[in-house]
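Q: Encoded as structure tokens, here's the structure I'll be asking about.
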Amino acid sequence: MTYAWLWTLLAFVLTWMVFHLIKMKKAATGDLEAEAEARRDGATDVIIVGAGVAGASLAYALAKDGRRVHVIERDLKEPQRFMGELMQAGGRFMLAQLGLEDCLEDIDAQEAKSLAIYKDGKHATLPFPDDKSFPHEPVGRLLRNGRLVQRLRQKAASLSNVQLEEGTVKSLIEEEGVVKGVTYKNSAGEEITAFAPLTVVCDGCYSNLRRSLVDNTEEVLSYMVGYVTKNSRLEDPHSLHLIFSKPLVCVIYQITSDEVRCVAEVPADSIPSISNGEMSTFLKKSMAPQIPETGNLREIFLKGIEEGLPEIKSTATKSMSSRLCDKRGVIVLGDAFNMRHPIIASGMMVALSDICILRNLLKPLPNLSNTKKVSDLVKSFYIIRKPMSATVNTLASIFSQVLVATTDEAREGMRQGCFNYLARGDFKTRGLMTILGGMNPHPLTLVLHLVAITLTSMGHLLSPFPSPRRFWHSLRILAWALQMLGAHLVDEGFKEMLIPTNAAAYRRNYIATTTV
């Protein structure tokens, strides 16, 4: 019997040793393959496709960690776009974490201290509140997006291990399901191949590489039409002015010390023509009368139209859920990865949050050539980002739907209830404003606010006296709210939306920290 126990123990030890040796051999083989890849890739650790806010910020962050970065951008001239003109307080904090907050200086950016809302002759101003658990000033920045992008590019290019090049990426280079680099045309028209162990695709909402990496489709929700009124200043230049106009919203805000951006949202299926003057007529006759005369909002809105509208622009508002890219050697970021309605102006904040997370995950790796290790880290990145991204995606989607004017009594009741909830100015409003500003990204807290807005809307519809018709419409409000919320619970994940530990971990690791 004693010998049997000894033989059993010996067999167990030998089996463990064999498995351990096999595991060590596999690890050694993986390291050797990684070293071989590193030798092949030569002077570049990361190729970044696109040098917008996301691409330029990521290039700087990775280069500061010692990575050799090659950035390929289609057009290095200053972008002339009117999206991405509000950096929320949470986004400013992320820039500070990356060492990039000085890029908001010297671009004539304006402080964004509050949201002003207007509906049917009533208005309220909702300041971004002080939050003791948010280690930064609760103030955003209103700005010219192109100026910010140029500052970020300059900051990235100032590092010796960043190569910023103008060129158009044509395709990704793949070998056995692993992305090894890109093929691109440089500014001289030469076709070049570039290799790196990691390629990051962040070439924006019109990405031509995304469809080869993820099975995802974008949805066009509406169009934003915008122009700049020059030599003007709002009486309240530190608020984002949101007008509950019909059929969709208008937004007015100060982007420089003497320029005001005016934006009107129009339905995707009925956008007036800009070239033949229909748009000017639409803005002047349909939208301008809905702009409140409070302050000088309507005056500035009309001034821009009457001065000839030299640079009226339109852009599609899009929505696209984030999807895991299962190919190794590549990551998708920014608007190429995840989009939401711009009503809460938080796209840049989500992208910068993603960059902070990704930088921290990659930082411990001595090199990026072990694609399995990088792939495993990227899978965890998709989970860690959820508190910020799910909160913003859900809030943007539901707000954009609720603020659509309609003759439907239930939906109009929800729209009025939303205004009433925001206009209260109590602790509930302050809590929602910390979420809007990115100071408290917490999906469960957002869900509770949405429930409260729904109940407020139902109460508004039932007062002063309930009737069978009003009761029926209040039930329709509840059903619609559950439908909207349920869609996001499915899309973002029940666990990620409803379990508070994920949000607590995100806040502990990425907000309650000191600037690096």
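Glycine is no exception: its Cβ is also placed from the backbone N, Cα and C atoms.
From a predicted model like this one, the values you see are computed outputs, not experimental measurements.
Take a look at what Swiss-Prot says about it:
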- Val53, Ala54, Glu73, Arg74, Arg81, Arg153, Val169, Asp335, Met348: FAD binding site (BINDING)
- 2-22: transmembrane segment (TRANSMEM)
- 43-63: transmembrane segment (TRANSMEM)
- 435-455: transmembrane segment (TRANSMEM)
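Describe the structural context of each listed feature in the structure shown, including burial, neighbouring residues and relevant distances.
A: DSSP assigns Glu73 (FAD binding site) to a strand in the three-state reduction.
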Q: Using DSSP and collapsing to three states, where does Val169 (FAD binding site) fall: helix, strand or coil?
A: strand
Q: Please report, as numbers and ranges, the same-chain residues at least 6 past the borders of the transmembrane segment (435-455) whose CB is under 8 Å from any CB of it.
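A: Distant Cβ neighbours of the transmembrane segment (435-455) are 88-91, 93, 115, 128, 131, 133-134, 138, 140, 344, 346, 349, 353, 386-388, 390-392, 394-395, 398, 402, 414, 417-418, 421, 428, 477-478, 481, 485, 492, 496-500, 503, 506-507, 511.
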Q: Indicate whether Met348 (FAD binding site) is helix, strand or coil by DSSP.
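A: Once the DSSP labels are grouped into three classes, Met348 (FAD binding site) ends up as helix.
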Q: Per 10 Å Cβ neighbour count, which of the binding-site residues Glu73, Val169, Met348 ranks highest?
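A: Output for this query is Met348.
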